Structures are given as structure tokens and as C-alpha cells.
Amino acid sequence: MNPEATELLLAGAQELGLDVAPVLDQFAALLVLLQEGNARFNLTALKTERDIVLKHFVDSLTCLGGGHLDGNHQVVDLGTGAGFPTLPLALMRAELQFTPVDSTRKKVEFVRATAEALGLQNVRPVAGRAETLTRQPEHRDRYDRVVVRAVAALPILAELALPFLRPGGLLVAQKGPISPEELRAGQRAAGELGGRVTEVEAFTLPVLGDARTLVVVEKLRDTPDRYPRREGVPNQQPLFWSAK
């Protein structure tokens, strides 16, 4: 990691109230592994050290605000891609147990190999789609938290994520700006799925100043058995939402 990227990581984390110095070497190793993997598998569109540090590492750490991940939780990372936010979070929170999920097997294998290379004992990747995995007893109603960095509309995220959670669990969704219409649809969808939106926090990404929104959904009761709908339907026909 070059000196500029190192300073950006330290400064970005400090702005979030976090100290990455104890795991700085592991973050540097993660950056190298990501660049090497990207050359082979095209894992992410971000190529420069600056972009990776700010838009992957620091952005992933923003969900640690608010104490939503404090404690010894079982955490699903829905649509982890190249391992974000799982890998930065796992470096910072050894007490959390992560199950990063992605439908692309090469990405899941990359996350598994990278976690092993970094010596992380708290990462167990799974290949599959949420619609299928949450029909399996080992995944439905089993987790304390779901984290997701997504551009998908909130009703879609709610339908895919809430079935993973046991009652009392939280969906922590890292999104860009969210419209009032999307939020209303997300609130209705959450209610239909056994949850409720408890927090919507607008903030800016450290250093870059990009607009972000953290949405927290609490699961209050079991999700009806009819959800999630079959593969692809939540994305094609989101609950209570028709994007203009």
C-alpha cells in the first residue's frame, strides 16, 4: 500500500471513530490480494489504491457506526462480491462470525482464499442465491445481522435479507441516497416481511464526501413462508415498488 493510500485509510477510519493501525498490515495485504485477484477474475471495477481504500475499505467500515454490529453476532453479508464489507469488518471485529454470500462461485472462492491468506478464522463464505439459501433450515431464521452494500431498492433488500434473520435481528443496509418513495415502499415491504424500518441515517463518505444512507430494519417476527419468492422475482417485481 503506497503512503498516500495508507494515510487515506488511517484518516478515513479515524473520521469514523475507528483505529485501523493494529491491522494496517492486513489491510495492505488485502489490497495486494484484491489487485492480484482482479487481474485474474475481474472482481471489481475499482483499480487504483486510492479508490480501493476509500470506496471498498473505508466505505465497508461505515456500517460499524451506531453500534449495530457490536457483540458476538452471526452475520450474513448478502451479495459480498469481492468480499465487501465482510473482509474489512472481519479484520476489525474478530468477535463477529461472517457468512458472505454470493451467487458467483469465483467470487466466493476468492473470498475464501483471501480470508485464509489473511488468517481470518471468522469468515465462512457460501455460494448461492438468497431465494434458495433461505429455504434451507441451516440459513433461514439463523442469523443476528445481515449487512449489504447495494444499489438495489429497499423492498428488494428486505425480501432477500429478512428471511435470514431470527426475530430481533437487524438488516444493516449501506445505500446511496434514498428517495421518499423508495423509503415508503421499503417500510411497507418490511412490515409485510415481519420487520420494520428503525433507522435511516444520511451521511457522507469520509474524505470523498459521497452521499450515503444507512438503513436499519429490525425483524420483529417470523417472515411468512411464502417469502422470499422464487429466484429472480424479488428483483423483477419488488414488493410495493415500481421504479419510475
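Cβ coordinates are placed from backbone N, Cα and C, and glycine is handled just like the others.
Taking Cβ-Cβ distances under 8 Å and a sequence gap of 6 or more within the same chain, the neighbours of Arg149 (S-adenosyl-L-methionine binding site) are Asp59, Ser60, Gly79, Phe84, Pro85, Gln174. The S-adenosyl-L-methionine binding site annotation in Swiss-Prot covers Gly79, Phe84, Asp102, Ser103, Thr104, Ala130, Glu131, Arg149 and rests on sequence analysis.
The annotation compositional bias 'Polar residues' is assigned in Swiss-Prot to 234-244.
Under 8 Å from some Cβ of the region 'Disordered' (225-244) lie the Cβ atoms of residues 129-132, 134, 152-156, 158-160, 162-163, 181-182, 184-186, 188-189, 192-193, all in the same chain and six or more residues away from its ends. Taken from Swiss-Prot, the feature region 'Disordered' covers 225-244.
The binding-site residues considered are Asp102, Glu131; of these, Glu131 has the fewest other C-beta atoms within 10 angstroms of its C-beta.
Each residue of the compositional bias 'Polar residues' (234-244) gets a DSSP state, and the totals for helix, strand and coil are 3 helix, 0 strand, 8 coil. The record assigns Gly79, Phe84, Asp102, Ser103, Thr104, Ala130, Glu131, Arg149 to the S-adenosyl-L-methionine site; their largest pairwise CA distance measures 20 Å.
The secondary structure of Gly79 (S-adenosyl-L-methionine binding site), as reduced to three states from DSSP, is coil rather than helix or strand.
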